[in-house]
Amino acid sequence: MHEKIVILDFGSQTTQLIGRRVRELDTYCEIIPYNKFPKKDTTIKGVILSGSPFSVYDENAFKIDLNEIRGKYPILGICYGAQFMAYTNGGKVESAGTREYGRAHLTSFCKDNVLFKGVRENTQVWMSHGDTITAVPDNFKKIASTDKVEIAAYQLEGEQVWGVQFHPEVFHSEDGTQILKNFVVDVCGCKQDWSPGSFIESTVAELKAQLGDDKVVLALSGGVDSSVAAVLLNRAIGKNLTCIFVDHGLLRKNEFKNVLDDYECLGLNVIGVDARAKFFAELAGVTEPERKRKIIGKGFIDVFDEEAHKIKDVKWLAQGTIYPDCIESLSITGTVIKSHHNVGGLPEKMNLKLCEPLRLLFKDEVRRVGRELGMPDHLISRHPFPGPGLGVRILGDITPEKVNILQEADDIFIQGLRDWNLYDKVWQAGVILLPVQSVGVMGDERTYERAVALRAVASTDGMTADWVHLPYEFLGKISNDIINKVKGVNRVTYDISSKPPATIEWE
Ligand code: XMP
């Protein structure tokens with residue numbers, strides 16, 4: 001078992017970010033609901049208390065018994081975490097009147113305090129709080145101030161306990177990573193030996209022990225997560241892993257063949273299932289977006305289930321679930337929203353044991369592991385692609401002809417992004433086939449054909465997104481190419497909506 005930092009989650013939006021920052025310090029950490037501290041875990045080197053949407057004096061505020069951790073581990077409280085420790089020890093926390101949100105500077109701080117080692121004078125920090133600590137108990141020592149906040153950080157005298165009002169995990173806190181490093185490495189003594197290589201080594205050993213000679217099935221999607229999970233499992237159990245890749249007819253142009261070839265090159269034992277006819281038949285005439293999604297989702301499960309049961313004695317279902325899918329996030333009411341799975345509904349239906357070798361990794365770590373496993377870059381750096389595929393990008397009913405048109409237009413756009421060196425600068429891109437026809441002129445002929453929309457967004461997690469300011473020349477070239485080369489399209493538009501309020505996919 002690896003040494004770890006525990007991050008107790010009091011519901012802040014930046015809790016995951018704390019986790020990412022600690023991981024970036026090559027240190028393993030786990031985000032755990034505030035009230036589920038793993039008391040018996042002997043690998044814990046330190047504890048971070050996150051922020052929270054609550055005030056400490058809110059009736060429903062999340063509270064813990066600090067005695068469970070105080071004196072046993074070094075503690076760093078961030079924002080609410082700092083306020084909570086001050087308040088429960090007799091300090092004063094008051095509403096600041098207006099919420100302070102944005103940049104501030106540490107106008108003074110104790111340079112000899114280990115938490116501030118290497119921190120620059122007047123360094124910028126990010127504030128986001130409605131409450132302020134206005135007085136601390138006698139044994140709390142103020143160690144930093146900003147021009148607006150007198151007690152911006154404190155340490156408990158003679159104890160390994162700190163509190164900071166600002167958010168070191170946020171990018172805008174210039175020396176935030178240094179501060180976290182001081183805590184994680186200097187105070188907690190973490191060795192910074194969590195790396196893709198060490199992850200692969202320990203995970204392969206664990207998978208071997210867990211799975212023995214058992215047979216495992218895994219649904220490949222062509223996406224990064226399921227592909228990396230497959231390669232990792234392949235390294236552990238070889239041919240006892242069977243991967244199933246379903247063609248529902250809504251993949252990108254040539255994607256089924258290209259991805260299958262890639263998988264075979266990687267030595268995976270993979271079955272490609274051509275189920276296009278089934279999906280097209282079930283989707284015929286269906287226009288309602290949610291209904292389309294349900295049909296595609298259920299069809300996928302049925303096909304996968306049927307194929308998986310052709311393999312004798314399968315005991316495990318493996319999935320590429322990653323850490324953000326698993327973290328039990330706290331809603332403001334205190335209810336824990338349970339983890340969800342990549343391929344919704346599969347585990348329930350199949351009655352197999354679940355194996356999720358990437359469940360501890362963030363997306364960028366999955367990519368690093370994939371590279372370390374020797375996977376080709378075009379598989380690793382692929383844009384996300386939705387499970388229902390082009391089905392959510394054809395507005396209205398789905399027919400094979402429409403899929404063909406969209407595949408051609410999409411291929412021109414994606415290939416263009418690659419040729420212009422724009423592909424890696426965009427988080428996700430695709431084309432949407434609109435249920436609209438418009439008048440145009442080609443040669444001397446009047447045309448009355450379809451319109452498509454191009455979509456390209458910047459994002460870090462898909463939760464929020466902004467449209468990308470692609471060069472006009474590029475958009476012009478793509479528009480020309482699509483109209484000239486794709487029969488049935490005579491108009492190209494560019495989607496300039498952000499999420500929210502729009503979404504990335506149109507359906
Ligand atoms: P939206 O459209 O909700 O999409 O802004 C956010 C991200 O999720 C992807 N997406 C899906 N992925 N199954 C998936 O595996 C789905 O049903 C699905 N719907 C949307 C979308 O492509 C974007 O990356």
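For all residues, glycine too, the Cβ spot is worked out from N, Cα and C.
Curation plays no part in TrEMBL annotations; they are all automatic predictions.
Reduced to three states, the DSSP call for Cys79 (active site, nucleophile) is coil. Taking Cβ-Cβ distances under 8 Å and a sequence gap of 6 or more within the same chain, the neighbours of Cys79 (active site, nucleophile) are Ser12, Ser50, Gly51, Ser52, Ser128, His129, Val164, Gln165, Phe166, His167. Taken from TrEMBL, the feature active site, nucleophile applies to Cys79.
In the three-state DSSP scheme, His167 (active site) falls into the coil class. Residues or ranges marked as active site by TrEMBL: His167 (among others).
Look at TrEMBL and you will find Glu169 (among others) tagged as active site.
Per TrEMBL, domain 'GMPS ATP-PPase' is recorded for 194-382. Averaged across the domain 'GMPS ATP-PPase' (194-382), pLDDT in this predicted model comes to 90.
According to DSSP, Asp225 (ATP binding site) sits within a helical segment. Residues annotated as ATP binding site in TrEMBL: Ser221, Gly222, Gly223, Val224, Asp225, Ser226, Ser227.
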(request) Using the recorded ATP site (Ser221, Gly222, Gly223, Val224, Asp225, Ser226, Ser227) as reference, state which further residues of the same chain have their Cβ within 8 Å of the centre of those residues' Cβ atoms, listed in sequence order. (result) Leu220, Val228, Ala229, Gly320, Arg382
(request) Do me a favour and check the Cα-Cα span between Ser227 (ATP binding site) and Glu169 (active site); whole Å is fine. (result) 30
(message) Using a Cβ cut-off under 8 Å and a sequence separation of 6 or more, which residues in the same chain sit near Glu169 (active site)?
(response) Thr14, Leu17, Ile18, Arg20, Arg21, Ile78, Gly176, Leu180
(message) Let me spell it out: for each of the binding-site residues (Ser221, Ser226, Ser227), count the other Cβ atoms within 10 Å of that residue's Cβ, using every protein chain shown. Which one has the most?
(response) Ser227
